[in-house]
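Worksheet: one structure, shown below.
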Amino acid sequence: MKRPAPLARTDGLIALAFAAAYVALLLATAGDLGYARDEGFYFFAADRYGAWFQALLDAPRAALDPHRVDAAWSVNHEHPGLIKSLFALSNLVLQKRLGLFAMEGTSYRFPAMVLSGVGVALVYLWGTQARDRLAGASAAALFAMLPRYFYQAHLACFDAPIVTVWALCAYAYWRSLRDGGALWPVLTGVAFGLALDTKHNSWFLPIVCVSHAAGMALRDRIALRASAARAAPAAAAAASPARPGGARRALAALAAMATIGPLVFYALWPWIWRDTLPRLREYASFHLNHEYYNMEFLGRNYWTPPMPRAYAPVMTAATVPVVTLVLFAAGLCAAARERLLVPLACAAARLAPEGGRLALAAERALAARLRPPADDPGGTALLWFLAIAAVYGAWLSPSTPIFGGTKHWMTAYPFIALFAGAAFSAAVRRARAGLRALLLSRRARAGVAARAAALARGPLVPALLGAAVVAAPIAETLHAHPWALSSYTPLVGGAPGAANLGLNRTFWGYTTGAVVAYLNEHVPPRGTVYIHDTAGPAWEMLLRDGRLREDIRGVGAVAGADFALYHHEKHMLGQAYQAWVAFGTTSPDHIAGPDGVPVILVYRNRAR
C-alpha cells in the first residue's frame, strides 16, 4: 500500500471545487426534471414545518406549545424531520425572502443538492487521505457520475442526503481510529445523530462500526500472539503494533454514537419531544413492517414476498457504469489479496513438511501482514468492505421490499467509488513504471533517460488514463437525464435492452416534467389532464414553478378528462386500458422516453 501524504490546503480547495461544480451542474439540469411522487409529500410537509419555524420566530413560547408542535410535526412523521426542515428553511429564506431561484421547487431541492456536493467532496478527501490524490479525485468523479445517484441528487428527498451523512459518520469513525483524541469520536456521535434524523438507513451504521472494531481487535490480537510465539521478548516488543490504544479509540467512537447520536436525533426532531418511546416504536414499526409496492424485475411483477435475492446485484450491474464496476472489482481484489489472501497463504505455509525455518518465516510474515502499517491504523479497506457488505446484505433476505430500486443501497456507492479510485491510482503507478521502462529500453542520445523519467512522473499519464476512465460515466450520466430511472448501462443493452429484459422502466411519476411542453401547447383553455402516478402536490409544484399553464387542471380520473397521462409500469397497464375505453382509441397522441423506449404516454380525448 502506498503511504498517503497528509491533506494540504490544496486538497481543501479541490474538494470545494468538486462540491461547487457538482451543485452547479445539478442546478443547471433541474429545469427539465419533473417532480417525483415522494417529493410532493415532502413539499407539503416542508410547508407545514416552515410555518412552524416562522411561528417560532414570531412567538416562540406559543410555537413551543406541545399541541402546536404536534400539529406541525405530525405531518409525514414516518420519516425524521432534519432534511424536510432544511427544505422548509431553504424555501422560507432563500426563496420567499431572497428570491434566489427561478422556480420555487428548486428552493426545496437545493439542500439535497448541496449535501450531494458535500458527498462528492467527502469522497475526494477520504480517498486522498487513505490513498493519494489520484485515488481521491478519480473516486469523486466516478461517484458523481453514477446516473441513478445523479438523478437522486436533484430531488427534495432523503436518499442522496443519507448517502452523504452515512459516509460522513463512517469517515469520522475512521478518523477516530486513525488520529485518536477527543474531537473525532465526538464528531462521530454528532454525525450518527444527523444520520438517524435523516433516514432509517442509518440503522446499519452501528453494525458496520461494531463489526469493524471487532475485526480490528481480533487482527491485533492474532498479530501480537504470533509475534510473541516466535520472537524473543525484546523482538516481540519491537514488533508489536505501534498504534497505541486502538481498541480504546474504537470504543470511544462507539460510545459517542451510543450517547451523543440519540441526543442529536432527539433534539432535531420535534415530533418525538413528547411521547418519545411510543412514537419511536411507531416509527421503527413503520419501516420494519413496511408495506410492499410493485416492482418489475426480469419481466415479472413483484409485490409480495419472496422477493428475488438477485435483485440488488443485478440492478447494480445494470445501472452502474461498467468501468466503475471493473475498477471497483480490481480495487477490492487488491485489498483482499493484501489483507486476506497473503496472510492465509503464510499460515498455510506453516503446515509445510519442512517446518523449522519455513514455519518461523511464515509465522512472522503472518504477524506482519495482520499488523496494520503505520499509515493505516484505521483499517481502511476493511471498513470500506463492511460498509458495502452491510448495505447489500439486507437484500439477501427474500422479505426485503424492492419497490425503491437502486436508491435503497446507494449508501454503498461512495465506498464502491473509493475502491475504484484506489485501483485507478494503482493503474497509474503501473502505467508510469511501464512507460519509464519502455522509454529507457530504447537507447537514444544523451538526456533521454531524464526526459523519460520526467514524462513518466508528469501529469500526462494520469490525465490520459483519467479521461479514458471517466468519459463513459460522464456520457452515460448526461445522456440519461432526465430519464435516469429508465437508464441502463450498455452491459444490458441500455434502455432498449433493459426494456426487452423486463427491467422496470420508471416509477414515482416524475416523467410528467418531460411532457409539459406538449401539454402547454395542446391542452385547451381550462382543460383537464388525468395525472396518473404524479402526486397532486408534485403537479401543483409544476404550476407554482410556471412550467405548466396555470389554467390546466389535474384530475384524478380518466373519465371526462381531456388528456390522460400513463407512466408505464407493468402493474399499471390497467390505467392505459381505462384511457383506451374512455377515449375510444388505443393510440397515444404523444410518447416520450429515452432511446425510443416508451416511458410516458399521453392519450387525447378527441371527443372533447
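Even glycines carry a Cβ here, placed using N, Cα and C.
Keep in mind that TrEMBL annotations are predicted by a computer and have not been checked by a curator.
Keep in mind it's a predicted model, so treat the numbers as computed, not measured.
DSSP labels the residues of the domain 'Glycosyltransferase RgtA/B/C/D-like' (99-213) in these numbers: 94 helix, 0 strand, 21 coil. Summarising the annotation, TrEMBL assigns domain 'Glycosyltransferase RgtA/B/C/D-like' to 99-213.
Per TrEMBL, the feature transmembrane segment maps to 108-127 (among others).
Summarising the annotation, TrEMBL assigns transmembrane segment to 134-151 (among others).
For 157-174 (among others), the entry in TrEMBL reads transmembrane segment.
For 250-272 (among others), the entry in TrEMBL reads transmembrane segment.
Residues or ranges marked as transmembrane segment in TrEMBL: 310-335 (among others).
Residues or ranges marked as transmembrane segment by TrEMBL: 379-397 (among others).
Per TrEMBL, transmembrane segment is recorded for 409-428 (among others). Outside the transmembrane segment (409-428) by six or more residues, the chain places 2, 119, 122-123, 126-127, 130-132, 134-140, 142-143, 146, 148-149, 152, 159-160, 162-163, 166-167, 170, 201, 204, 312, 316, 320, 324, 327-328, 330-332, 334-335, 384-385, 387-388, 391-392, 394-395, 461-462, 465-466, 469 with a CB less than 8 A from a CB of the stretch.
Sequence-distant contacts of the transmembrane segment (310-335) (same chain, at least 6 residues past either end, Cβ-Cβ under 8 Å): 138, 142, 145-148, 297-298, 381, 384-385, 392, 395, 402, 405-406, 409, 413, 416-424, 426-427, 469, 472-473, 476, 487-492, 498, 503.
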